[in-house]
Amino acid sequence: MAGNTIGQLFRVTTFGESHGLALGCIVDGVPPGILLTEADLQHDLDRRRPGTSRYTTQRREPDQVKILSGVFEGVTTGTSIGLLIENTDQRSQDYSAIKDVFRPGHADYTYEQKYGLRDYRGGGRSSARETAMRVAAGAIAKKYLAEKFGIEIRGCLTQMGDIPLEIKDWSLVEQNPFFCPDPDKIDALDELMRALKKEGDSIGAKVTVVASGVPAGLGEPVFDRLDADIAHALMSINAVKGVEIGDGFDVVALRGSQNRDEITKDGFQSNHAGGILGGISSGQQIIAHMALKPTSSITVPGRTINRFGEEVEMITKGRHDPCVGIRAVPIAEAMLAIVLMDHLLRQRAQNADVKTDIPRW
């Protein structure tokens, strides 16, 4: 009921708030015998970590993860893995002025309507700080998928504001602060971010995540279709307002003769479906996109009300990302990895003995 857990066989439960003592999660369903250290998780956490560039929030959290359980002598035991990250750079005083004010565009109003109270410090549980634990759990899934099945999961920024980005060079993604795969657009992104900082405003973004090497057959029709669970996972990320699989909404303008992915003896001739047909993976690349809204934490004055119903004007103080899509890349990778690992374990549990003579590419 509380909505803090995702997955069925590979289950991730997170806890913690933005300005609490710590963030944590419990990861169930990890097979025994996997080599696992804190360093295996730290790489992706460092990619998501705040304060790593001038384009993201200057809250400086080391995000050093601790493995509390489920690993003995560097090997998973098959029991629950407990993970913890301590919060070290909270500045709760930045939020004392808004404890009775609902920030427009944030979850303040809805959390108070639901629970009758809220942790106003940095958004509490609704803060994207919670996603650090998703990234830690997702790193376990990414390691297992890569080592046992050769599955690779990569994400990148594919649009910021009105600047579209082409996936020209995956190796470039880790070499610039925008997770940008398009060398021709990095200067334009830098210029846009500088302008936003000067204006005190923010901008939306689009993130694309791709999984390669996924075997055919993952997905549980009808309600646990693979694309449905991917959409569920990506939509659960803060600020995400839309998810597309494959060509997504672009299929509206296509005809069936254009959209169908024809098959020859050499394999699929296109991938408009994004690697999923009938809710089941086809063996092609799984491609998903998500749209993230511009954060409402800006210094441009805006109208709202306080808890007494009085209209007030407010400016959001604190340290915030002018484009939340940048740090969402490793989060999207983690959520896709969590879903794929869960479905892979479910497929093996039910259909491990299934053999077909149908070609696979």
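Including glycine, each Cβ sits where the backbone N, Cα and C put it.
Copied over from Swiss-Prot, here are the features:
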- Arg48, Arg54: NADP(+) binding site (BINDING)
- Arg125, Ser126, Ser127, Asn238, Ala239, Gly278, Lys293, Pro294, Thr295, Ser296, Ser297, Arg319: FMN binding site (BINDING)
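Every protein chain considered, the tally of other Cβ atoms within 10 Å of the Cβ of Ser297 (FMN binding site) stands at 21. Closest by Cα distance to Arg54 (NADP(+) binding site), from the binding-site residues Arg125, Lys293, Thr295, is Thr295.
Packing around Ser127 (FMN binding site) is summarised by its Cβ count: 20 other Cβ atoms lie within 10 angstroms of its Cβ, all protein chains included. DSSP assigns Ser127 (FMN binding site) to coil in the three-state reduction, outside any helix or strand. Neighbour counts of Cβ atoms within 10 Å were taken for the binding-site residues Arg48, Arg54, Arg125, Lys293; the minimum is at Arg54. Between Lys293 (FMN binding site) and Arg48 (NADP(+) binding site), the C-alpha separation comes to 18 Å. Arg48 (NADP(+) binding site) falls within a helical segment according to DSSP.
Arg48 (NADP(+) binding site) sits 17 Å from Thr295 (FMN binding site), counting Cα to Cα.
Residues within less than 8 Å, Cβ to Cβ, of Ala239 (FMN binding site) and separated from it by at least 6 positions along the same chain comprise Ala128, Leu292, Lys293, Thr295, Val324, Gly325, Ala328. In this view, Thr295 (FMN binding site) is surrounded by 23 other Cβ atoms within 10 Å of its Cβ, with every protein chain counted.
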